[in-house]
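S.K.: Feature table excerpt (Swiss-Prot):
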COMPBIAS  1-22  compositional bias 'Low complexity'
REGION    1-43  region 'Disordered'
COMPBIAS  26-38  compositional bias 'Basic and acidic residues'
REGION    65-86  region 'Disordered'
REGION    113-149  region 'Disordered'
COMPBIAS  118-143  compositional bias 'Acidic residues'
DOMAIN    230-419  domain 'Reticulon'
TRANSMEM  242-262  transmembrane segment
TRANSMEM  264-284  transmembrane segment
TRANSMEM  354-374  transmembrane segment
TRANSMEM  413-433  transmembrane segment
COMPBIAS  446-463  compositional bias 'Acidic residues'
REGION    446-487  region 'Disordered'
Amino acid sequence: MTPRRSLSSSDSNDKSPSVSVVAKKARSESVEGIEKKTTPGRVKKIRSEVCTTIVKAGEFDSVALRKVNSLPSPNSEKSDTKTEQEVTIIENSKIPEEVKEFGVCQEMIVSAKSNENEQIDNGDQEIGDQDDYEEDGDEEEEREVEKKSVDVKEINVAKENRVGGVEIKKFSQFQNRTSPSPSSVRKISPPVIKRATSVYSAPPNSTSSTDRFAEQEDNFTHSQSKLQSLVDLVMWRDVSRSTLVFGFGTFLIISSSYANDLNFSFISVVAYMGLIYLGLMFVLKSLIHRGMVEEERHKVVGVREEDVKRMLRLIMPYLNESLHQLRALFSGDPSTTLKMGVVLFVLARCGSSITLWNLAKFGFLGAFTIPKIFISYSTHFSAYGNFWMRRFRDAWESCNHKKAVALALFTLVWNLSSVTARVWAAFMLLVAFRYYQHKMIWTTDQADDDEDDNEEEEAEEEKEQVPPKHKRAPPHMMMPNKLKKIS
């Protein structure tokens, strides 16, 4: 039996790690020596020397030796056990130019079966030679070697995941038997190689615009739902819940009105609460949790960023809605400015007699009564307002001395009012004048639009009333020869 050299390629779907095979100078010389030598003992000796040189150089990562029982040959008369020793050598090397071009690794298999071009003696006649007894006991067992193979797998290697060249050599030894079939040889699991991969971590603020829009929409709907629940409570849409809240608040207001001996300051309240908390903490630490004071000193005490964000998420919807309403009230529109000017002036003049507690009481009662009453009886209030406005307008139009009455009223108010009231009155007169101008412009524009609409409607009606004129058909010309038939 003679060794042979063959090339093989693995499938592209092979799960083994990508490796590249580069034949070192010493290893290539050893393989050529194996092919040229005739005795297996000499071949084994050369292989052992090469392995010893590689071990000393530190060129490979791991050496694995194991013995595997092989199947007996069908032509043999005795069933002898067959041992297989495989030496796996994995080492990093440089990638040759040919391998870099095609991105694959080559595989070389040297076995005991030789081709016609490469034949060597099997060495069966030299088993009993006296020169082999000079070697060690390991070399005596190696004389019985009949087959020697060097397998190097060919694996497609992805260029982007290539880490380095890896060379694998396998040496197998069998006793006096033919080489087993590939199915009888147990495959060695490939070594696990961890490759350095670049991991890209996306920045925290790299969210897409759609995600941000969806989050904003969810927050907006959530805030709208909260405001809607508050409106339902104030407008008595849920009667049981509104009754409970209004009754409890009214009870607290009435009970606090009769408790005259609860006159205290804010500083006194804070001081008393601090004393109570201090006493509770002293009792808790000294009696209940004794010995835990030193451990808790190292704990971080303070407000975390998550707590602040949570509080802001709760407050922001109400704050944004309040700012939106305030922006509408202070928009600068003449009609809105007249209403807000009167309300703010009254609050400014009477604010000294209004305390925070009184404002809270009147605000609570007004929130549960005024909106409901106004919405329920808005038609009646508008009817009464239009009636009295019509009466005052008729009285003013029927007055013969309008200028004198207006001058007398202005002089009386101006002399009885303070400087602040005079400034406010001048400002309100200017706003009223602008409101009158806007109203007149709006009425004229509306009248022009109404006239244009009326003219268009009249033109359409005239078009519909006038019947369309039918065109007369031209007279037909008849030839005499076509009117009469020849009898």
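Including glycine, each Cβ sits where the backbone N, Cα and C put it.
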S.K.: How about long-range neighbours of the compositional bias 'Acidic residues' (446-463): same chain, 6 or more residues beyond its ends, C-beta under 8 Å?
M.R.: none
S.K.: Cβ under 8 Å to the transmembrane segment (242-262), counting only same-chain residues 6 or more beyond its ends: which ones?
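M.R.: Sequence-distant neighbours of the transmembrane segment (242-262): 233-234, 236, 357, 361, 364-365, 368.
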S.K.: So how many of the residues in the compositional bias 'Acidic residues' (446-463) end up helix, strand or coil by DSSP?
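M.R.: The counts are 18 helix, 0 strand, 0 coil.
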S.K.: Please indicate, using numbers and ranges, the residues of the same chain that are 6 or more beyond the transmembrane segment (354-374) and have a C-beta under 8 Å from a C-beta there.
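M.R.: Distant Cβ neighbours of the transmembrane segment (354-374) are 234-236, 242, 245-246, 249-250, 253, 256, 347, 381.
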S.K.: Find the average pLDDT over the domain 'Reticulon' (230-419) in the predicted model and report it.
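M.R.: Reported value for the domain 'Reticulon' (230-419) is a mean pLDDT of 84.
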